[in-house]
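Let me begin by presenting the structure, written as structure tokens, before commenting on it.
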Amino acid sequence: MAWTSYQLSLAVLMVVTGSINTLSTKWADKLESENSVGDVQPFNHPFLQACTMFIGESLCLLVFTISHFAKKRKQSQANELAAVVDNPVCSFNPLIFFPPAMLDMLATSTMYVGLNLTYASSFQMLRGAVIIFTGLLSTAFLGRLLKAREWLGMLTVIMGLSVVGASDFIFGSGSSNNSINSIITGDLLIVMAQIVTASQMVWEEKFVTKHNVPALQAVGWEGIFGFVTLSLLLIPMYFLRVGPPFSSNPRMVLEDALDGFIQMRNNPMIILAMSGTVISIAFFNFAGVSVTKELSATTRMVLDSVRTLVIWSVSLSLQWQQFYWPQIIGFALLVMGMGLYNNIINASICKCRRGSDSEPLLGVNEDQSINEEEGRPSVIH
């Protein structure tokens, strides 16, 4: 079955805004500006950037609220009083999103530190490690029994991650201002952050999904809790001294937000880059949720792989990194592993064997995916 123009628009919106999300953050990292002591330095403020990401997530709650009341008003005009009974706004305590918001805050901040040290393409590829840790934690805490296909998918993802990490180590910093040690440190931080992200997903599945909270509303609440908490944490970070490569601000502290604001004032392009993060996060989450609803969770996963390819291509075209062929192998293994884990490859093979004339792979029904996201309000960025 062919896609409608609306479905195609959602798919394009998800790929474009998802790519802008990572690229705008990396662009801000590479921009230089005069800091608080008059030196021209790159904008290295990952925790301040994480705050802007949470602002983007908070906008999802605004979008949900507007759409909810618009739908409620429309149904009220049609005398469909059932909408009042099914109103999800008052059916749960928003504090249930505080723990996953804290996990999201820790994971995002760690990933942004890693992104500042490594390549944007490696950042996006290495995030595929979340499948491994989600599968293991689901087995340990949710009592889920993984199928052989899922174990094979996780093993394939591990192989892909190993190739990506090894390529960064072998080819070094040929097109980066960071040393080989910094790049490898960044890669390790990104992989470690996926453990926290997987913990967030497992928490949400165990304690949040039973409330049947709309995904946009869940993302919005987590954005609010994350922004408020991280904004408060910027205060002690201003006095916590660390060394390179985790800090390059004049005071050598974990995060100097005041220095960051000064750099933003001295170079408006940094403000533009961070605004791109805020806007793209909001639209990307909206598009992702809509794609899952209109098409399928597997389609969303495939489009996310396309996003990785776009980020890699743009990074190469902007000469943020050099091309090295092992990343092709790593990317292929990652996509294959995610396809096995999410039952995309298996479903496709079964269709070919049956000679089915049904809809193509991107139109796989949601009940064919082992990793459904319709009722799982996981934050995506």
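Using the three backbone atoms N, Cα and C, a Cβ is placed for every residue, glycine included.
Keep in mind that TrEMBL annotations are predicted by a computer and have not been checked by a curator.
Listed in TrEMBL:
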type	residues	note
TRANSMEM	46-66	transmembrane segment
TRANSMEM	125-145	transmembrane segment
TRANSMEM	151-171	transmembrane segment
TRANSMEM	223-242	transmembrane segment
TRANSMEM	270-291	transmembrane segment
TRANSMEM	323-344	transmembrane segment
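Between the transmembrane segment (270-291) and the stretches 46-66, 125-145, 151-171, 223-242, 323-344, Cβ pairs under 8 Å are most numerous for 46-66. Packing against the transmembrane segment (151-171) from elsewhere in the chain are residues 118-119, 122, 125-126, 128-129, 131-132, 135, 180, 183-184, 187, 191, 322, 324, 326-327, 329-342: each is 6 or more residues past its ends and has a CB under 8 Å from a CB in it. Across the candidate stretches 46-66, 223-242, 323-344, the maximum count of CB pairs under 8 A to the transmembrane segment (125-145) is reached by 323-344.
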